[in-house]
Ligand SMILES: Nc1ncnc2c1ncn2[C@@H]1O[C@H](COP(=O)(O)OP(=O)(O)OP(=O)(O)O)[C@@H](O)[C@H]1O
């Protein structure tokens with residue numbers, strides 16, 4: 001049932017977050033909070049099924065959903081991993097490669113126009129006070145769109161549009177957060193991996209999968225997500241470009257908590273309190 005009744009002030013949600021602020025993702029091995037500055041950066045999340053990738057993805061999307069200075073675009077072939085956030089998103093792409101391609105093409109056009117704007121004003125990147133908002137583009141299971149469904153040429157187009165967005169989107173406020181349970185070189189070629197400033201490897205089945213996410217040679221130096229216990233989901237190695245891996249335990253948002261945060265974010269984003277939202281009617 002929906003409500004068109006203006007909310008009493010004390011029932012209105014509190015403050016929003018900002019995508020320009022670092023995102024809390026969990027704790028390190030000393031128990032210290034770990035924050036990721038995501039603006040002007042991208043995040044790659046890899047690991048075997050059940051490693052806890054969705055936990056990290058949901059945490060980042062939750063922050064973005066509660067950030068009124070940012071828009072959300074969600075790709076989820078399974079639909080249920082990011083589905084709870086669909087009401088906060090500009091676009092929610094389910095298991096449809098043609099829709100995924102059309103959304104990526106539109107993002108590419110927007111990116112080009114933003115660059116034209118920056119050039120016209122002799123600027124290098126967008127800032128907090130720009131009229132156009134940053135976008136968080138979250139993809140759960142890159143491989144679904146780039147290697148599993150549809151025609152080969154469409155999958156290739158998906159991979160090439162994604163690469164372009166990851167390569168050029170940063171300065172114009174397009175942040176790509178992409179997860180895969182298939183950290184192999186066909187899904188994450190080195191040329192794509194190296195464009196992600198942040199990379200997180202949850203438990204991997206072998207050293208080479210871990211290296212595909214973190215970067216070549218880390219397993220040999222003793223940093224491999226293969227050593228993470230299968231009974232410790234949410235633990236993984238996080239690396240920033242030019243940095244060293246760091247063990248992190250990701251904060252876990254269960255389904256109920258995600259649903260509550262998503263409802264809160266929908267309320268935050270409803271700029272007109274008379275706009276119907278899917279909430280129970282308040283007693284007047
Ligand atoms: N940070 C965490 N702390 C505690 N438990 C966790 C954490 N992350 C995940 N889990 C547990 O592990 C389960 C699997 O996690 P999750 O669905 O995030 O894995 P995944 O890597 O996304 O799997 P898939 O690739 O199959 O989607 C969760 O349902 C939860 O029970």
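Glycine too: its Cβ is placed from the backbone N, Cα and C atoms.
Look at residue 52 (ATP binding site): DSSP puts it in coil. The feature ATP binding site is assigned by TrEMBL to 47, 48, 49, 50, 51, 52, 53, 54.
Annotation comment: TrEMBL describes 31-211 as domain 'FtsK'. The average per-residue pLDDT of the prediction over the domain 'FtsK' (31-211) is 93, rounded to a whole number.
Set side by side, the binding-site residues 47, 48, 49, 53 differ in how many other CB atoms lie within 10 angstroms of their CB, and the most is found at 47. For the binding-site residues 50, 52, the largest tally of other C-beta atoms within 10 A is found at 52. Counting only same-chain residues at least 6 apart in sequence, those with a Cβ under 8 Å from the Cβ of residue 51 (ATP binding site) are 181, 202, 203, 204, 225, 228, 233, 236.
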